[in-house]
Amino acid sequence: MPDCHAIHIPGSPSLFLQHPHNIASLINWRRSIASTAIWEPMHCNAVSISPSCNSFLYVTPEGRNLSETVSVFNGNASIIKPIKRLSGSEDLLMGVPCMCEAINNTLTAFFHDTQYKVEQDDTPDTVRINKFSGLAMSVSDRNGTVLFANDTITIHLPCGCSSTAPDGVLSYAVQEEDTLSTIASLFRSSSQDILNLNPSVTNPDFIKPGWILFVPMGVAGSSKKKIGSLSIIIAASISAAILLLCVFTVIVRLKRRSSQHNVEAPEIKMERAPSNTSIAALESRFFPSMKITDMDPFQTERPVIFSLKVVGDATANFDEKRKIGEGGYGSVYLGFIGAHEIAIKKMKASKSKEFFAELKVLCKVHHINVVELIGYAAGDDHLYLVYEYVQNGSLNDHLHDPLLKGHQPLSWTARTQIALDSARGIEYIHDHTKACYVHRDIKTSNILLDNGLRAKVADFGLVKLVQRSDEEECVATRLVGTPGYLPPESVLELHMTTKSDVYAFGVVLAELITGLRALMRDNKEVNKMKSLISIMRKAFKSEDLESSLETIIDPNLKDNYPIEEVCKMANISMWCLSEDPMNRPEMRDIMPTLSQIHLTSIEWETSLGGDGEVFIGVSNGR
(Lines of atoms letter the chains of each structure in order from A and count residues from 1; the text may use other names and numbers.)
(Lines give C-alpha, C1' and ligand atoms only; values in the text may rest on other atoms or scores of the structure.)
Protein backbone atom coordinates (compact mmCIF):
# COMPACT_ATOMS: atom_id res chain seq x y z
CA MET A 1 0.00 0.00 0.00
CA PRO A 2 1.40 3.42 -0.88
CA ASP A 3 2.30 5.85 1.86
CA CYS A 4 -0.32 8.27 3.11
CA HIS A 5 0.22 11.97 2.43
CA ALA A 6 -0.90 14.61 4.91
CA ILE A 7 -1.35 18.34 4.68
CA HIS A 8 -2.28 20.99 7.21
CA ILE A 9 -4.24 24.17 6.58
CA PRO A 10 -3.00 27.11 8.69
CA GLY A 11 -5.53 28.81 10.90
CA SER A 12 -7.83 25.82 11.26
CA PRO A 13 -7.78 22.64 13.35
CA SER A 14 -5.29 20.12 12.07
CA LEU A 15 -6.56 18.70 8.81
CA PHE A 16 -4.94 15.62 7.34
CA LEU A 17 -5.94 14.55 3.85
CA GLN A 18 -5.12 10.87 3.54
CA HIS A 19 -4.52 9.21 0.19
CA PRO A 20 -4.28 5.45 0.75
CA HIS A 21 -5.92 3.48 -2.03
CA ASN A 22 -7.62 5.88 -4.44
CA ILE A 23 -4.66 8.04 -5.46
CA ALA A 24 -4.59 6.22 -8.78
CA SER A 25 -8.00 7.66 -9.57
CA LEU A 26 -6.51 11.16 -9.43
CA ILE A 27 -4.06 10.55 -12.26
CA ASN A 28 -6.28 11.57 -15.15
CA TRP A 29 -8.68 14.23 -13.86
CA ARG A 30 -9.71 15.83 -17.10
CA ARG A 31 -10.85 12.61 -18.78
CA SER A 32 -12.73 11.60 -15.63
CA ILE A 33 -15.11 14.56 -15.66
CA ALA A 34 -18.30 13.91 -17.59
CA SER A 35 -19.39 16.37 -20.24
CA THR A 36 -22.48 17.36 -18.25
CA ALA A 37 -21.90 18.14 -14.57
CA ILE A 38 -24.97 17.86 -12.35
CA TRP A 39 -25.31 19.24 -8.87
CA GLU A 40 -27.54 21.28 -6.65
CA PRO A 41 -25.79 24.38 -5.27
CA MET A 42 -25.91 24.96 -1.54
CA HIS A 43 -28.78 27.32 -0.97
CA CYS A 44 -28.27 30.12 1.51
CA ASN A 45 -29.85 29.42 4.91
CA ALA A 46 -29.93 25.66 4.29
CA VAL A 47 -27.11 24.79 6.68
CA SER A 48 -25.25 28.07 6.69
CA ILE A 49 -24.13 29.94 9.76
CA SER A 50 -23.45 33.24 7.96
CA PRO A 51 -23.90 34.75 4.51
CA SER A 52 -20.17 34.42 3.82
CA CYS A 53 -17.24 32.28 4.90
CA ASN A 54 -13.95 30.82 3.73
CA SER A 55 -14.30 27.59 1.79
CA PHE A 56 -12.17 25.39 -0.47
CA LEU A 57 -12.00 24.19 -4.08
CA TYR A 58 -10.34 21.00 -5.32
CA VAL A 59 -8.40 22.27 -8.33
CA THR A 60 -6.26 20.73 -11.04
CA PRO A 61 -3.67 23.14 -12.44
CA GLU A 62 -3.90 21.79 -16.06
CA GLY A 63 -0.33 22.86 -16.83
CA ARG A 64 -0.55 26.26 -15.16
CA ASN A 65 1.94 27.34 -12.52
CA LEU A 66 0.80 28.20 -9.01
CA SER A 67 0.45 31.96 -9.61
CA GLU A 68 -1.54 31.43 -12.80
CA THR A 69 -3.85 28.91 -11.15
CA VAL A 70 -4.59 31.11 -8.15
CA SER A 71 -5.17 34.06 -10.48
CA VAL A 72 -7.58 32.09 -12.69
CA PHE A 73 -9.61 30.93 -9.70
CA ASN A 74 -9.30 34.25 -7.82
CA GLY A 75 -8.17 32.21 -4.83
CA ASN A 76 -6.35 32.95 -1.59
CA ALA A 77 -2.64 32.33 -2.18
CA SER A 78 -1.99 32.08 1.56
CA ILE A 79 -4.38 29.10 1.92
CA ILE A 80 -3.33 26.64 -0.75
CA LYS A 81 -1.79 23.20 -0.42
CA PRO A 82 -0.61 20.70 -3.03
CA ILE A 83 -1.88 17.12 -3.17
CA LYS A 84 0.74 14.92 -4.83
CA ARG A 85 -0.38 12.23 -7.24
CA LEU A 86 1.37 9.02 -8.22
CA SER A 87 2.11 10.44 -11.67
CA GLY A 88 4.25 13.12 -10.02
CA SER A 89 1.85 15.95 -10.84
CA GLU A 90 -0.08 17.83 -8.19
CA ASP A 91 -3.65 18.91 -7.59
CA LEU A 92 -4.43 21.78 -5.25
CA LEU A 93 -6.67 22.46 -2.30
CA MET A 94 -7.38 26.20 -2.67
CA GLY A 95 -8.98 28.51 -0.13
CA VAL A 96 -11.53 30.97 -1.54
CA PRO A 97 -14.07 33.42 -0.09
CA CYS A 98 -17.59 32.01 -0.39
CA MET A 99 -20.69 34.19 -0.29
CA CYS A 100 -24.43 34.10 -0.68
CA GLU A 101 -25.50 35.69 -3.95
CA ALA A 102 -28.35 35.69 -6.44
CA ILE A 103 -27.60 34.32 -9.91
CA ASN A 104 -29.74 35.58 -12.78
CA ASN A 105 -32.04 37.18 -10.20
CA THR A 106 -33.53 33.76 -9.43
CA LEU A 107 -31.16 31.29 -7.80
CA THR A 108 -29.80 32.33 -4.39
CA ALA A 109 -26.96 30.11 -3.23
CA PHE A 110 -23.31 30.09 -2.15
CA PHE A 111 -20.79 30.88 -4.89
CA HIS A 112 -17.25 32.08 -5.36
CA ASP A 113 -16.89 34.29 -8.44
CA THR A 114 -13.96 34.88 -10.73
CA GLN A 115 -13.45 36.62 -14.06
CA TYR A 116 -12.31 34.82 -17.20
CA LYS A 117 -11.20 36.24 -20.56
CA VAL A 118 -12.49 33.99 -23.32
CA GLU A 119 -9.83 32.52 -25.61
CA GLN A 120 -10.11 31.47 -29.24
CA ASP A 121 -11.87 28.09 -29.68
CA ASP A 122 -13.21 28.12 -26.12
CA THR A 123 -16.56 26.39 -25.62
CA PRO A 124 -18.68 26.33 -22.45
CA ASP A 125 -17.64 22.73 -21.76
CA THR A 126 -13.90 23.25 -22.34
CA VAL A 127 -13.92 26.31 -20.10
CA ARG A 128 -15.88 24.56 -17.37
CA ILE A 129 -13.91 21.30 -17.47
CA ASN A 130 -10.41 22.19 -18.64
CA LYS A 131 -10.05 25.72 -17.25
CA PHE A 132 -12.07 25.40 -14.04
CA SER A 133 -11.63 21.76 -13.02
CA GLY A 134 -15.28 20.93 -13.67
CA LEU A 135 -16.36 23.26 -10.87
CA ALA A 136 -18.12 26.03 -12.81
CA MET A 137 -21.89 26.20 -12.47
CA SER A 138 -22.49 27.34 -16.05
CA VAL A 139 -20.47 29.12 -18.68
CA SER A 140 -21.95 31.60 -21.16
CA ASP A 141 -21.67 35.22 -22.17
CA ARG A 142 -23.80 37.93 -20.53
CA ASN A 143 -26.69 37.16 -22.89
CA GLY A 144 -26.58 33.45 -22.11
CA THR A 145 -25.48 32.45 -25.59
CA VAL A 146 -22.19 31.52 -27.25
CA LEU A 147 -18.73 32.63 -26.18
CA PHE A 148 -16.76 35.24 -28.08
CA ALA A 149 -12.99 35.51 -27.94
CA ASN A 150 -11.61 38.32 -25.74
CA ASP A 151 -14.93 38.76 -23.87
CA THR A 152 -14.59 38.85 -20.08
CA ILE A 153 -17.21 36.69 -18.38
CA THR A 154 -18.07 35.92 -14.77
CA ILE A 155 -17.58 32.32 -13.67
CA HIS A 156 -19.72 31.17 -10.74
CA LEU A 157 -18.03 28.40 -8.74
CA PRO A 158 -20.35 26.68 -6.24
CA CYS A 159 -19.04 26.62 -2.68
CA GLY A 160 -20.44 26.07 0.78
CA CYS A 161 -20.67 27.41 4.32
CA SER A 162 -21.69 25.01 7.08
CA SER A 163 -21.52 24.83 10.86
CA THR A 164 -21.07 21.05 10.49
CA ALA A 165 -17.64 21.43 8.86
CA PRO A 166 -14.93 22.32 11.42
CA ASP A 167 -12.28 22.76 8.71
CA GLY A 168 -14.56 24.20 6.03
CA VAL A 169 -16.55 22.93 3.07
CA LEU A 170 -14.76 21.64 -0.04
CA SER A 171 -16.26 21.74 -3.54
CA TYR A 172 -15.20 18.50 -5.24
CA ALA A 173 -15.97 17.24 -8.76
CA VAL A 174 -16.56 13.48 -8.66
CA GLN A 175 -14.04 11.34 -10.61
CA GLU A 176 -14.14 7.85 -12.05
CA GLU A 177 -13.99 5.10 -9.39
CA ASP A 178 -14.93 7.53 -6.62
CA THR A 179 -17.35 6.39 -3.92
CA LEU A 180 -18.72 8.34 -1.01
CA SER A 181 -16.50 6.40 1.38
CA THR A 182 -13.29 7.05 -0.58
CA ILE A 183 -14.15 10.75 -0.86
CA ALA A 184 -14.92 10.87 2.86
CA SER A 185 -11.61 9.24 3.82
CA LEU A 186 -9.71 11.47 1.40
CA PHE A 187 -10.90 14.63 3.14
CA ARG A 188 -11.33 13.43 6.74
CA SER A 189 -15.10 13.48 6.46
CA SER A 190 -17.90 10.90 6.71
CA SER A 191 -20.31 9.54 4.13
CA GLN A 192 -23.34 10.57 6.16
CA ASP A 193 -22.08 14.13 6.60
CA ILE A 194 -21.50 14.39 2.84
CA LEU A 195 -25.05 13.16 2.22
CA ASN A 196 -26.39 15.72 4.67
CA LEU A 197 -24.79 18.55 2.68
CA ASN A 198 -25.87 17.11 -0.68
CA PRO A 199 -29.63 16.42 -0.64
CA SER A 200 -29.63 15.83 -4.41
CA VAL A 201 -27.71 12.58 -3.82
CA THR A 202 -30.61 10.24 -3.13
CA ASN A 203 -28.73 6.95 -3.59
CA PRO A 204 -25.51 6.77 -1.53
CA ASP A 205 -24.31 3.85 -3.66
CA PHE A 206 -24.42 5.89 -6.87
CA ILE A 207 -22.53 9.10 -7.58
CA LYS A 208 -21.83 10.14 -11.15
CA PRO A 209 -18.46 11.44 -12.40
CA GLY A 210 -18.83 15.14 -13.04
CA TRP A 211 -21.23 15.79 -10.17
CA ILE A 212 -20.05 18.43 -7.71
CA LEU A 213 -20.23 17.39 -4.06
CA PHE A 214 -19.87 19.58 -1.00
CA VAL A 215 -17.57 17.81 1.44
CA PRO A 216 -17.50 18.92 5.10
CA MET A 217 -13.87 18.54 6.12
CA GLY A 218 -12.56 17.67 9.56
CA VAL A 219 -15.71 16.01 10.90
CA ALA A 220 -14.18 12.57 11.47
CA GLY A 221 -13.09 11.92 15.04
CA SER A 222 -13.40 9.60 18.00
CA SER A 223 -16.76 8.81 19.53
CA LYS A 224 -15.70 10.53 22.73
CA LYS A 225 -14.97 13.70 20.83
CA LYS A 226 -18.36 13.53 19.10
CA ILE A 227 -20.15 12.90 22.39
CA GLY A 228 -18.25 15.78 23.96
CA SER A 229 -19.14 18.05 21.06
CA LEU A 230 -22.79 17.02 21.31
CA SER A 231 -22.79 17.86 25.01
CA ILE A 232 -21.33 21.26 24.30
CA ILE A 233 -23.91 21.90 21.59
CA ILE A 234 -26.77 20.87 23.87
CA ALA A 235 -25.45 23.01 26.73
CA ALA A 236 -24.95 25.97 24.41
CA SER A 237 -28.44 25.56 22.98
CA ILE A 238 -29.99 25.51 26.46
CA SER A 239 -27.97 28.57 27.48
CA ALA A 240 -28.96 30.41 24.32
CA ALA A 241 -32.63 29.55 24.87
CA ILE A 242 -32.47 30.84 28.45
CA LEU A 243 -30.70 34.02 27.30
CA LEU A 244 -33.28 34.65 24.58
CA LEU A 245 -36.09 34.05 27.07
CA CYS A 246 -34.53 36.60 29.43
CA VAL A 247 -34.17 39.15 26.63
CA PHE A 248 -37.78 38.54 25.58
CA THR A 249 -38.99 38.99 29.16
CA VAL A 250 -37.06 42.25 29.58
CA ILE A 251 -38.43 43.67 26.32
CA VAL A 252 -42.02 42.72 27.17
CA ARG A 253 -41.74 44.29 30.64
CA LEU A 254 -40.25 47.47 29.18
CA LYS A 255 -43.06 47.71 26.65
CA ARG A 256 -45.68 47.23 29.38
CA ARG A 257 -43.97 49.82 31.54
CA SER A 258 -43.84 52.39 28.73
CA SER A 259 -47.58 51.92 28.08
CA GLN A 260 -48.48 52.91 31.67
CA HIS A 261 -48.92 56.70 31.86
CA ASN A 262 -48.58 56.84 35.63
CA VAL A 263 -45.06 55.38 35.61
CA GLU A 264 -42.16 57.83 35.65
CA ALA A 265 -39.82 57.71 32.64
CA PRO A 266 -36.41 56.17 33.29
CA GLU A 267 -33.49 58.43 33.97
CA ILE A 268 -31.84 57.55 30.67
CA LYS A 269 -34.63 58.04 28.16
CA MET A 270 -33.70 55.33 25.73
CA GLU A 271 -37.27 54.09 25.17
CA ARG A 272 -39.00 57.26 23.99
CA ALA A 273 -40.74 56.69 20.66
CA PRO A 274 -39.11 58.46 17.70
CA SER A 275 -40.81 61.61 16.50
CA ASN A 276 -40.55 61.04 12.75
CA THR A 277 -39.30 57.52 12.25
CA SER A 278 -40.61 54.43 14.00
CA ILE A 279 -39.47 50.84 13.95
CA ALA A 280 -42.81 49.93 12.41
CA ALA A 281 -42.24 52.45 9.62
CA LEU A 282 -38.81 51.04 8.90
CA GLU A 283 -40.15 47.51 8.90
CA SER A 284 -43.01 48.25 6.49
CA ARG A 285 -40.86 50.39 4.22
CA PHE A 286 -38.11 47.90 3.60
CA PHE A 287 -38.76 44.29 4.52
CA PRO A 288 -40.27 42.02 7.13
CA SER A 289 -37.19 42.07 9.36
CA MET A 290 -36.97 39.83 12.39
CA LYS A 291 -37.32 40.90 15.96
CA ILE A 292 -34.39 40.17 18.23
CA THR A 293 -36.47 37.53 20.03
CA ASP A 294 -36.97 35.51 16.83
CA MET A 295 -33.40 34.35 16.35
CA ASP A 296 -29.81 34.91 17.34
CA PRO A 297 -28.91 38.10 15.39
CA PHE A 298 -25.50 36.66 14.56
CA GLN A 299 -26.95 33.57 12.86
CA THR A 300 -29.39 35.13 10.42
CA GLU A 301 -28.91 36.80 7.07
CA ARG A 302 -31.70 39.32 7.55
CA PRO A 303 -31.18 42.44 9.69
CA VAL A 304 -32.63 42.26 13.19
CA ILE A 305 -34.65 45.03 14.84
CA PHE A 306 -32.98 45.81 18.16
CA SER A 307 -34.70 47.56 21.04
CA LEU A 308 -33.23 50.84 22.24
CA LYS A 309 -32.37 49.21 25.55
CA VAL A 310 -30.26 46.58 23.80
CA VAL A 311 -28.24 49.14 21.81
CA GLY A 312 -27.97 51.36 24.89
CA ASP A 313 -26.73 48.55 27.12
CA ALA A 314 -24.35 47.35 24.40
CA THR A 315 -22.56 50.71 24.35
CA ALA A 316 -22.82 51.58 28.08
CA ASN A 317 -25.44 54.16 27.06
CA PHE A 318 -23.15 55.52 24.34
CA ASP A 319 -20.30 56.28 26.67
CA GLU A 320 -17.84 58.67 25.00
CA LYS A 321 -15.05 56.25 25.90
CA ARG A 322 -16.69 53.76 23.53
CA LYS A 323 -16.65 56.16 20.56
CA ILE A 324 -14.42 54.79 17.81
CA GLY A 325 -15.31 57.09 14.93
CA GLU A 326 -17.19 60.19 13.90
CA GLY A 327 -18.28 61.60 10.56
CA GLY A 328 -20.75 63.88 8.90
CA TYR A 329 -23.57 61.39 9.29
CA GLY A 330 -23.10 60.24 12.86
CA SER A 331 -20.83 58.74 15.48
CA VAL A 332 -19.73 55.11 15.73
CA TYR A 333 -19.47 53.28 19.06
CA LEU A 334 -17.98 49.96 20.09
CA GLY A 335 -20.55 47.71 21.69
CA PHE A 336 -21.00 44.22 23.07
CA ILE A 337 -23.95 41.87 22.77
CA GLY A 338 -23.02 38.81 24.75
CA ALA A 339 -19.54 37.78 23.62
CA HIS A 340 -19.93 39.52 20.26
CA GLU A 341 -18.23 42.81 19.47
CA ILE A 342 -20.33 45.16 17.36
CA ALA A 343 -20.10 48.68 15.96
CA ILE A 344 -23.16 50.94 16.28
CA LYS A 345 -23.58 54.05 14.17
CA LYS A 346 -25.76 56.62 15.93
CA MET A 347 -27.42 59.14 13.61
CA LYS A 348 -29.82 62.03 14.12
CA ALA A 349 -33.33 61.38 12.81
CA SER A 350 -32.71 64.25 10.39
CA LYS A 351 -30.21 61.97 8.63
CA SER A 352 -32.94 59.49 7.72
CA LYS A 353 -32.10 59.71 4.00
CA GLU A 354 -28.57 58.46 4.59
CA PHE A 355 -29.86 55.88 7.10
CA PHE A 356 -32.37 54.49 4.60
CA ALA A 357 -29.75 54.43 1.82
CA GLU A 358 -27.35 52.41 3.90
CA LEU A 359 -30.08 50.12 5.24
CA LYS A 360 -31.49 49.34 1.78
CA VAL A 361 -28.11 48.41 0.33
CA LEU A 362 -26.64 46.41 3.19
CA CYS A 363 -29.84 44.39 3.58
CA LYS A 364 -29.23 43.03 0.09
CA VAL A 365 -25.44 42.84 -0.04
CA HIS A 366 -23.56 39.93 1.53
CA HIS A 367 -19.88 39.81 0.66
CA ILE A 368 -16.77 39.02 2.63
CA ASN A 369 -15.24 42.36 1.54
CA VAL A 370 -18.28 44.49 2.45
CA VAL A 371 -18.99 45.34 6.09
CA GLU A 372 -21.88 43.23 7.40
CA LEU A 373 -25.08 44.81 8.70
CA ILE A 374 -26.44 42.92 11.73
CA GLY A 375 -29.49 45.04 12.49
CA TYR A 376 -30.91 48.45 13.31
CA ALA A 377 -32.96 50.41 15.82
CA ALA A 378 -34.86 53.70 15.91
CA GLY A 379 -36.11 55.94 18.70
CA ASP A 380 -35.41 58.95 20.90
CA ASP A 381 -34.98 61.09 17.76
CA HIS A 382 -32.08 58.89 16.67
CA LEU A 383 -31.45 56.11 14.18
CA TYR A 384 -29.00 53.28 14.82
CA LEU A 385 -27.22 50.87 12.46
CA VAL A 386 -25.59 47.80 14.05
CA TYR A 387 -22.61 46.34 12.17
CA GLU A 388 -20.02 43.67 12.62
CA TYR A 389 -17.03 45.16 14.41
CA VAL A 390 -13.95 45.33 12.19
CA GLN A 391 -11.12 45.21 14.69
CA ASN A 392 -8.20 47.04 13.09
CA GLY A 393 -9.82 50.34 12.20
CA SER A 394 -9.54 52.14 8.89
CA LEU A 395 -6.93 51.93 6.17
CA ASN A 396 -6.48 55.66 6.63
CA ASP A 397 -5.10 55.09 10.15
CA HIS A 398 -2.65 52.46 8.90
CA LEU A 399 -1.28 54.62 6.08
CA HIS A 400 -1.04 58.10 7.57
CA ASP A 401 1.13 58.41 10.71
CA PRO A 402 0.50 54.77 11.67
CA LEU A 403 2.92 54.69 14.60
CA LEU A 404 1.16 57.62 16.24
CA LYS A 405 -2.08 55.66 16.01
CA GLY A 406 -0.66 52.45 17.46
CA HIS A 407 -0.12 50.54 14.20
CA GLN A 408 2.94 49.09 12.54
CA PRO A 409 3.48 50.32 8.95
CA LEU A 410 1.90 48.06 6.33
CA SER A 411 4.21 45.84 4.29
CA TRP A 412 4.02 45.95 0.50
CA THR A 413 2.31 42.55 0.35
CA ALA A 414 -0.27 43.63 2.92
CA ARG A 415 -1.01 46.66 0.72
CA THR A 416 -1.53 44.53 -2.38
CA GLN A 417 -3.93 42.29 -0.45
CA ILE A 418 -5.87 45.33 0.78
CA ALA A 419 -6.06 46.72 -2.76
CA LEU A 420 -7.40 43.39 -4.04
CA ASP A 421 -9.93 43.01 -1.20
CA SER A 422 -11.23 46.56 -1.64
CA ALA A 423 -11.55 46.11 -5.38
CA ARG A 424 -13.54 42.90 -4.86
CA GLY A 425 -15.98 44.66 -2.53
CA ILE A 426 -16.55 47.58 -4.93
CA GLU A 427 -16.79 45.29 -7.95
CA TYR A 428 -19.44 43.25 -6.14
CA ILE A 429 -21.83 46.17 -5.62
CA HIS A 430 -21.25 47.27 -9.22
CA ASP A 431 -21.67 43.95 -11.02
CA HIS A 432 -22.98 41.17 -8.82
CA THR A 433 -26.02 42.55 -7.02
CA LYS A 434 -29.55 42.56 -8.43
CA ALA A 435 -29.32 46.33 -8.72
CA CYS A 436 -26.19 48.29 -9.62
CA TYR A 437 -25.02 50.60 -6.84
CA VAL A 438 -22.57 53.50 -6.85
CA HIS A 439 -20.91 53.98 -3.46
CA ARG A 440 -20.01 57.67 -4.08
CA ASP A 441 -17.62 57.94 -1.12
CA ILE A 442 -14.78 55.46 -1.65
CA LYS A 443 -11.78 56.58 0.43
CA THR A 444 -9.24 55.10 2.82
CA SER A 445 -11.29 56.02 5.90
CA ASN A 446 -14.19 53.97 4.50
CA ILE A 447 -12.07 50.86 4.02
CA LEU A 448 -11.84 48.89 7.28
CA LEU A 449 -9.27 46.22 8.19
CA ASP A 450 -9.84 43.12 10.30
CA ASN A 451 -7.32 41.33 12.52
CA GLY A 452 -5.72 39.71 9.48
CA LEU A 453 -5.56 43.07 7.65
CA ARG A 454 -8.22 41.90 5.20
CA ALA A 455 -10.23 44.84 3.87
CA LYS A 456 -13.98 45.55 3.94
CA VAL A 457 -15.73 48.44 2.21
CA ALA A 458 -17.89 50.44 4.63
CA ASP A 459 -20.16 53.50 4.98
CA PHE A 460 -22.89 53.27 2.35
CA GLY A 461 -24.69 56.44 3.47
CA LEU A 462 -24.23 58.12 0.07
CA VAL A 463 -24.88 55.06 -2.08
CA LYS A 464 -26.95 55.55 -5.23
CA LEU A 465 -28.88 53.05 -7.32
CA VAL A 466 -28.28 53.24 -11.08
CA GLN A 467 -29.93 51.27 -13.85
CA ARG A 468 -27.94 48.67 -15.77
CA SER A 469 -27.75 50.06 -19.30
CA ASP A 470 -25.31 51.43 -21.84
CA GLU A 471 -25.32 54.76 -20.02
CA GLU A 472 -25.25 54.01 -16.31
CA GLU A 473 -25.30 57.39 -14.64
CA CYS A 474 -27.31 59.45 -12.23
CA VAL A 475 -27.43 63.18 -11.64
CA ALA A 476 -26.96 64.29 -8.04
CA THR A 477 -28.88 67.24 -6.63
CA ARG A 478 -25.80 68.37 -4.74
CA LEU A 479 -22.10 67.63 -4.68
CA VAL A 480 -21.46 64.58 -2.51
CA GLY A 481 -18.29 62.70 -1.66
CA THR A 482 -14.93 63.73 -0.27
CA PRO A 483 -12.57 66.33 -1.81
CA GLY A 484 -9.48 64.68 -3.23
CA TYR A 485 -11.47 61.64 -4.41
CA LEU A 486 -14.02 63.35 -6.66
CA PRO A 487 -13.78 62.91 -10.44
CA PRO A 488 -14.02 65.94 -12.73
CA GLU A 489 -17.50 65.08 -14.03
CA SER A 490 -19.00 64.96 -10.53
CA VAL A 491 -17.62 68.40 -9.69
CA LEU A 492 -18.57 70.06 -12.99
CA GLU A 493 -21.80 68.29 -13.91
CA LEU A 494 -22.81 66.36 -10.75
CA HIS A 495 -22.78 63.12 -12.78
CA MET A 496 -22.16 59.98 -10.72
CA THR A 497 -21.57 56.55 -12.27
CA THR A 498 -19.65 53.41 -11.42
CA LYS A 499 -16.70 55.19 -13.05
CA SER A 500 -16.88 57.72 -10.17
CA ASP A 501 -16.06 54.91 -7.73
CA VAL A 502 -13.30 53.73 -10.06
CA TYR A 503 -11.74 57.20 -9.98
CA ALA A 504 -11.82 57.29 -6.18
CA PHE A 505 -10.29 53.81 -6.05
CA GLY A 506 -7.43 55.12 -8.19
CA VAL A 507 -6.72 57.64 -5.42
CA VAL A 508 -6.78 54.83 -2.83
CA LEU A 509 -4.18 52.91 -4.85
CA ALA A 510 -2.01 56.04 -4.99
CA GLU A 511 -2.25 56.34 -1.20
CA LEU A 512 -1.21 52.69 -0.79
CA ILE A 513 1.87 53.37 -2.93
CA THR A 514 2.92 56.73 -1.48
CA GLY A 515 1.48 56.84 2.05
CA LEU A 516 0.38 60.41 1.23
CA ARG A 517 -3.08 61.82 1.83
CA ALA A 518 -5.47 62.56 -1.02
CA LEU A 519 -5.15 66.27 -0.19
CA MET A 520 -2.23 67.87 1.66
CA ARG A 521 -0.70 71.25 2.35
CA ASP A 522 1.56 72.59 -0.37
CA ASN A 523 5.03 73.03 1.14
CA LYS A 524 5.73 75.97 -1.20
CA GLU A 525 2.43 77.74 -0.56
CA VAL A 526 1.12 76.78 2.87
CA ASN A 527 -2.25 78.41 2.26
CA LYS A 528 -2.90 76.14 -0.70
CA MET A 529 -3.76 72.46 -0.90
CA LYS A 530 -2.04 70.01 -3.21
CA SER A 531 -3.64 66.83 -4.49
CA LEU A 532 -2.05 63.40 -4.57
CA ILE A 533 -3.38 63.05 -8.12
CA SER A 534 -1.17 65.93 -9.27
CA ILE A 535 1.86 64.27 -7.66
CA MET A 536 1.15 60.98 -9.45
CA ARG A 537 0.67 62.69 -12.80
CA LYS A 538 3.94 64.54 -12.39
CA ALA A 539 5.75 61.25 -11.70
CA PHE A 540 4.31 59.75 -14.88
CA LYS A 541 5.68 62.61 -16.98
CA SER A 542 9.21 61.39 -16.29
CA GLU A 543 10.99 59.29 -18.91
CA ASP A 544 12.27 57.03 -16.12
CA LEU A 545 9.08 55.98 -14.33
CA GLU A 546 10.78 53.65 -11.84
CA SER A 547 13.17 56.34 -10.61
CA SER A 548 10.39 58.88 -10.49
CA LEU A 549 8.11 56.61 -8.46
CA GLU A 550 10.90 55.73 -6.03
CA THR A 551 11.00 59.39 -4.95
CA ILE A 552 7.36 59.26 -3.78
CA ILE A 553 6.99 55.66 -2.52
CA ASP A 554 6.01 55.52 1.15
CA PRO A 555 9.19 55.84 3.27
CA ASN A 556 7.60 53.44 5.78
CA LEU A 557 8.27 50.64 3.30
CA LYS A 558 12.01 51.25 3.82
CA ASP A 559 12.85 50.20 0.25
CA ASN A 560 11.29 46.77 0.81
CA TYR A 561 9.16 46.36 -2.29
CA PRO A 562 9.38 44.86 -5.82
CA ILE A 563 9.59 47.98 -7.98
CA GLU A 564 8.12 46.22 -11.01
CA GLU A 565 4.91 45.46 -9.10
CA VAL A 566 4.79 49.00 -7.71
CA CYS A 567 4.93 50.29 -11.28
CA LYS A 568 2.09 47.98 -12.30
CA MET A 569 -0.09 49.19 -9.45
CA ALA A 570 0.78 52.81 -10.28
CA ASN A 571 -0.28 52.20 -13.87
CA ILE A 572 -3.63 50.84 -12.67
CA SER A 573 -4.02 53.90 -10.45
CA MET A 574 -3.42 56.26 -13.38
CA TRP A 575 -5.81 54.27 -15.58
CA CYS A 576 -8.51 54.71 -12.94
CA LEU A 577 -7.66 58.41 -12.69
CA SER A 578 -8.27 59.12 -16.38
CA GLU A 579 -10.07 62.47 -16.64
CA ASP A 580 -12.48 61.14 -19.24
CA PRO A 581 -14.70 58.51 -17.57
CA MET A 582 -14.97 56.67 -20.89
CA ASN A 583 -11.24 55.94 -20.67
CA ARG A 584 -11.44 54.48 -17.17
CA PRO A 585 -11.77 50.74 -16.64
CA GLU A 586 -14.61 49.00 -14.84
CA MET A 587 -13.62 47.41 -11.54
CA ARG A 588 -13.88 43.95 -13.14
CA ASP A 589 -11.26 44.98 -15.72
CA ILE A 590 -8.54 45.58 -13.13
CA MET A 591 -9.21 42.56 -10.91
CA PRO A 592 -6.98 40.07 -12.82
CA THR A 593 -4.00 42.44 -12.79
CA LEU A 594 -4.39 43.27 -9.09
CA SER A 595 -4.56 39.56 -8.32
CA GLN A 596 -1.40 38.91 -10.32
CA ILE A 597 0.40 41.80 -8.58
CA HIS A 598 -0.51 40.32 -5.20
CA LEU A 599 0.62 36.80 -6.09
CA THR A 600 3.89 37.98 -7.60
CA SER A 601 4.52 40.13 -4.52
CA ILE A 602 4.00 37.08 -2.28
CA GLU A 603 6.54 35.13 -4.35
CA TRP A 604 8.98 38.04 -4.13
CA GLU A 605 8.53 38.23 -0.36
CA THR A 606 8.98 34.48 0.05
CA SER A 607 12.21 34.57 -1.93
CA LEU A 608 13.68 36.99 0.65
CA GLY A 609 13.12 34.76 3.66
CA GLY A 610 11.46 35.84 6.90
CA ASP A 611 14.16 37.68 8.82
CA GLY A 612 14.10 41.13 7.26
CA GLU A 613 11.98 44.17 7.91
CA VAL A 614 9.97 43.32 4.82
CA PHE A 615 7.90 41.03 7.03
CA ILE A 616 6.74 43.81 9.36
CA GLY A 617 3.01 43.99 8.82
CA VAL A 618 2.83 40.39 7.60
CA SER A 619 3.60 38.28 10.64
CA ASN A 620 0.98 38.02 13.37
CA GLY A 621 -1.79 38.82 10.94
CA ARG A 622 -0.05 41.79 9.33
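A Cβ is built for glycine as well, from the same backbone N, Cα and C atoms used for every other residue.
Note that this is a predicted model, so its numbers are computed, not measured.
Under the heading domain 'LysM', TrEMBL lists 170-215.
The transmembrane segment annotation in TrEMBL covers 230-252.
The feature domain 'Protein kinase' is assigned by TrEMBL to 318-594.
Counted within 10 Å of its Cβ, the other Cβ atoms near K346 (ATP binding site) come to 19, all protein chains included. The ATP binding site feature in TrEMBL is assigned to K346.
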Query: Of the residues in the domain 'LysM' (170-215), how many are helix, strand and coil by DSSP?
result: 14 helix, 8 strand, 24 coil
- prompt: What mean pLDDT does the predicted model reach across the domain 'Protein kinase' (318-594)?
  reply: 85
